[in-house]
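*Asks:* Structure in structure tokens, see below.
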């Protein structure tokens, strides 16, 4: 057959995660040179623990951004889910697993609500989720009466416990986060559902005309994202050991940062969930490395901001080139 | 010979506006039928009714002589009627093979496909390559995203997809409107090849030279109805345009001046 495969260099160049990966490796090399504590198993385990909550939120965010949407409510949904699970278990005496399931269901329900509003009334996702952010934030504080939930049953913080891999302590939560990334990478790249998500992000009309049930797909994506936020809530609860109504207030923007740094286009239809993992790690590595170098934390924020603007600029320029 | 696709007395009203006013339509096996008409003549409504994108208020549609009813485009596609839309044809960031199979993906055999829903990308690539070769669309790689292709190649992918799945009819809505001269030529060649393989093509076009170059017959739509069915060989372009605009009418196969002023204005009498 006369059809050739793309050559290897071309494939690497056309891989959207190549740039972010190069940036991550460069950053690691730089910090390894600057601090001898950086390149240790313990430090990497710490970085992963630091990024796993935002990273998990960013998985849901990636799904939604791939459909050319955006979700400002994910951190708030996670905080509410965390309060629901911990309160049900501690104050209502529900078995921990049941309480966790209820928290996951509540988060999925908020995702469903976002999806229905976007699909049925055809509102811009930015506005829908901005409204939802405020609604859920308020509900969290009303329901928790601004009280932190403590004395959690051990089953609820299980994911915060560690096991040893070659002399390094790794939390079960880190493992779950990595598995989630792999699962969604598989779903997006190897299944028809994934292809349809990309097609929808390219153009809803094209997707519809090829026979994809776009309305059902949108609602499904937002609901699934909500469920993932529920898992992020569980990770957060097990990492901090409490149900905190103040949690996750900047995580919506941090998750968008991870997605964008990972090379996913805010215009939809382009990007990968493994890119998002790299994006989350870039943020984590910069924070951690600068901290090890003794740079004040406000400069970490400054540098993250510059990185985001750089990433979006690269995306915009590469789009212009292909048009 | 039974027409492949036929419509009788289609009516479609939008409030006070009548888009289709008893329109007929006949597509014969193995032909390229051009549908022409001024803006507002009901071309688009007619095509949408035939491809399931709108439901007529009255009239009937027959496929191979049997009455059919399409509630949405998907039902028409299931009956082997494929449509290529002018600029809504392909998903830009996805590769060619993925676009060919979009909405009709093939999964792997065995548990990998049934349990893990894994796509059979190799098979989809191979089949895409075969279809592209059939239509002589030369492409370097089927894994390159469609957005890296030229407009003509992109249209080629859309046409190849339609042809691959169309068992009865291919409908093309202004397939050359956005293309340059050379690329338009490639698309016209492709339409010929589709016809030569035995699939009839309905071509909606404003471009008279293209219509005359490729159509076996011309369906002229005016004021919501078919006012003439012509063979390009029997008429010149000016006459066809005159019929389309109502300056001439067709009686016993001959074009006759109907509106003297209008006919003179375009230099036809």
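From the backbone N, Cα and C atoms, a Cβ is placed for every residue, glycine too.
When I checked TrEMBL for this same protein, it listed these features:
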- A:12-32: transmembrane segment (TRANSMEM)
- A:44-65: transmembrane segment (TRANSMEM)
- A:72-90: transmembrane segment (TRANSMEM)
- A:96-119: transmembrane segment (TRANSMEM)
- A:126-144: transmembrane segment (TRANSMEM)
- A:170-188: transmembrane segment (TRANSMEM)
- A:217-238: transmembrane segment (TRANSMEM)
- A:258-286: transmembrane segment (TRANSMEM)
- A:298-317: transmembrane segment (TRANSMEM)
*Asks:* Quickly jot the same-chain residues contacting the transmembrane segment (A:258-286) by Cβ under 8 Å, restricted to those at least six beyond its ends, or write none.
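*Replies:* Hits for the transmembrane segment (A:258-286): 16-17, 19-21, 23-24, 27-28, 31, 47-48, 50-51, 54-55, 58-59, 61-63, 65-70, 178, 181, 184-185, 188-189, 198-203, 300, 303-304, 307-308, 311-312, 315, 319.
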*Asks:* Cβ under 8 Å to the transmembrane segment (A:126-144), counting only same-chain residues 6 or more beyond its ends: which ones?
*Replies:* 70-77, 79-80, 83-84, 87, 110, 113-114, 117-118, 243, 245, 249, 252
*Asks:* Examine the transmembrane segment (A:217-238) against the transmembrane segment (A:12-32) and state whether at least 3 Cβ pairs sit under 8 A, considering only residue pairs 6 or more apart.
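*Replies:* Since fewer than 3 Cβ pairs under 8 Å link them, the transmembrane segment (A:217-238) and the transmembrane segment (A:12-32) do not come into contact.
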*Asks:* Please report, as numbers and ranges, the same-chain residues at least 6 past the borders of the transmembrane segment (A:298-317) whose CB is under 8 Å from any CB of it.
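*Replies:* Sequence-remote neighbours of the transmembrane segment (A:298-317) are 19-20, 23, 257, 260-261, 263, 265-266, 279, 282-283, 286-287, 290-291.
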*Asks:* Taking 3+ C-beta pairs under 8 angstroms (sequence gap of 6 or more) as contact, is the transmembrane segment (A:170-188) in contact with the transmembrane segment (A:12-32)?
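*Replies:* Between the transmembrane segment (A:12-32) and the transmembrane segment (A:170-188), which are separate recorded stretches, there is no contact, as judged by 3 or more close Cβ pairs.
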*Asks:* Can you name the far-off residues of the same chain, 6+ from the ends of the transmembrane segment (A:96-119), with a Cβ under 8 Å from a Cβ of it?
*Replies:* 60, 69, 71, 73, 77-78, 80-82, 84-86, 88-89, 125, 128-129, 132, 136, 153, 155-156, 215, 218-227, 229-231, 233-234
*Asks:* Can you name the far-off residues of the same chain, 6+ from the ends of the transmembrane segment (A:44-65), with a Cβ under 8 Å from a Cβ of it?
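*Replies:* Answer is 71, 74-75, 78, 111, 125, 168-171, 173-174, 177-178, 180-181, 184, 197, 201, 221-222, 224-226, 228-229, 231-232, 235-236, 239, 248, 251-252, 254-256, 258-259, 262, 264-266, 268, 271-273, 276-277, 279-281, 283-285, 287-288.
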